[in-house]
Amino acid sequence: MSRVKSESPTAVTDVRTGSKMQRVIYVTYLIAVLDITWMFLQFSITPYLAKKLGFDTLWIGYLQTMVGVVQLLGGPIFGRFADLFGARAAMCLSCTASVVYYGLLAIADSPLMLFVHKLPAVLMHGLPGAQMVVTDLTEPDKRAEALGKLGLCFGIGMVAGSTLGGTLSTHYGETFAACVAAGGSFISFLLVWTFIPKHTKIQAPQDNTDKKSNAKSVFDLGEITRLMKYPGVAKTFMVKIISGLPSGIFQVMFSVIAMNFFQLAPEQNGYLMAYFGIVSMVIQGGVIGRLTSKYSENSLLLLSIGMSSLVGLAQVFMANVFQFCFIVLPMMFSLSVFNVITDSMLTKTVPSSDTGTMLGLCASVQSLLRTIGPTIGGFLYHNYGVASFGFIQFAVNMVVFMFMLRNMVNTKDEHRE
């Protein structure tokens, strides 16, 4: 009888904790939607504002490279900051940087100011911040599905931001659109401060002592790079970088492709980006969760890389935006599965106290692609045209696919022996 009494309060507490955790996750999804909305609003206006200020394709590439560089430097530091000081502090920092970022964009009236406004991007990691909260509050076997739902949020934000950015810039100008993004980022800050707990990691009390002993500095490079020593981390990171590079080049150059190759106006570009978002929503909201429950992560990773290679082959023969709309379907599927699976695999290889730093490193992979992508993409576009992106994506991903397939076969043979 006494045993029942002693266990009952714990059970009630667990139910309340579970309910509270689920509410935090839902609010995190909302914050992610808002963050992506303002980001894509900015994506839809910056190329046209840059063109008004006299930028050519090459200088637009330099502008994108600068964003990649600052976020490449800031990603791991942001992740470690979240591990040391909690997800709420990290997300508040990101929202504050976003307000400054969009505010500077609103007053950018010269090429220099357009570059200056990119500096706060070093601390803008809203989606990685949301991934940290979701990772902390979900079990490992449910993590891929939960991260996939964040991808659904990405799709919603892409649709809303692209449509809103194109409409606002067409009817009210780029300055007004940037002010809307700055105001929206402040709303995100209020949501984070109100609903996200100070700490979201579920750890045993003794972990706090270890955490204090390791909390020498947010900028401790050794604490960040040591994660690469865990089994399988370095290999997965190499696959993430090499396989993701060709598609990353195409993504960073897409605004130029839409403007010059497809000859799209700002509003039409917004509609196309909204189409991307709708496709992404369907895939990440209704497909990825079912796939992860039936198939292993290694199999899904192999599938996404193989499909990415075929997408590159299709891009070689792409001639107009109508054909591209068909290519978008397998392209978004391969990208969505690839990003969700690699992030899930990497967070499972490290202790829960380091998942923030790991997700920061994952974000830095995307920043690395944005850093070197514009330079490579600008060179390829000027010298070989849009088809060159498809050739490289086909070749690189086919090599990675064959390498991984060989490893999987060898692993199965070793287990049989």
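The backbone N, Cα and C atoms fix where each Cβ goes, and this holds for glycine too.
Just so you know, TrEMBL annotations are computer predictions that nobody has curated.
Annotation comment: TrEMBL describes 21-413 as domain 'Major facilitator superfamily (MFS) profile'. Mean pLDDT, taken over the domain 'Major facilitator superfamily (MFS) profile' (21-413), works out to 82 on the 0 to 100 scale.
Positions annotated as transmembrane segment by TrEMBL: 24-45 (among others). Here the transmembrane segment (24-45) has Cβ contacts under 8 Å with residues 91, 94-95, 98, 102, 105, 126-127, 130, 133-134, 137-138, 146, 149-150, 153-154, 156-158, 160-162, 164-166, 168-169, 174, 177-178, 180-181, 184-185, 187-188, 191-192, 195-197, 200, 255, 266, 269-270, 273, 277 of the same chain, all six or more residues outside its ends.
Long-range contacts of the transmembrane segment (57-78) within the same chain, counting only residues at least 6 positions beyond its ends with a Cβ under 8 Å from a Cβ of the stretch, are 46-47, 50-51, 90, 93-94, 111, 114-115, 118-119, 121-125, 128-129, 218-219, 224, 252-253, 255-256, 260, 357, 360-364, 366-375, 377-378, 381-382. As annotated by TrEMBL, transmembrane segment applies to 57-78 (among others).
Summarising the annotation, TrEMBL assigns transmembrane segment to 90-108 (among others).
Remote same-chain residues near the transmembrane segment (146-169) are listed as 25, 29-30, 32-45, 48, 127, 130-131, 134-135, 138, 176-177, 180, 266-274, 276-285, 288-289, 292, 336, 339-340, 343-344 (criterion: CB distance under 8 Å, separation of at least six residues from the stretch ends). The transmembrane segment annotation in TrEMBL covers 146-169 (among others).
The transmembrane segment annotation in TrEMBL covers 175-196 (among others).
Same-chain residues lying 6+ beyond the ends of the transmembrane segment (237-258) with a Cβ under 8 Å from its Cβ atoms: 43, 46-47, 57, 60-61, 64, 68, 228, 264, 269, 272, 301, 305, 308, 311-312, 315, 331, 334-335, 338, 342, 346, 361-362, 365-366, 368-370, 372-374, 376-378, 380-381, 386, 389, 392-393, 396-397, 400, 404. For 237-258 (among others), the entry in TrEMBL reads transmembrane segment.
Per TrEMBL, transmembrane segment is recorded for 270-288 (among others).
Residues of the same chain lying 6 or more positions beyond the ends of the transmembrane segment (324-346) and with a Cβ under 8 Å from any Cβ of it are 131, 143-144, 147-148, 151, 232-233, 236-237, 239-240, 243-244, 247, 262, 272, 275-276, 279-280, 283-284, 287-288, 291-292, 297, 300-301, 303-305, 307-308, 310-311, 314-315, 318, 358-359, 361-362. Under the heading transmembrane segment, TrEMBL lists 324-346 (among others).
Residues or ranges marked as transmembrane segment by TrEMBL: 358-380 (among others).
Residues or ranges marked as transmembrane segment by TrEMBL: 386-405 (among others).
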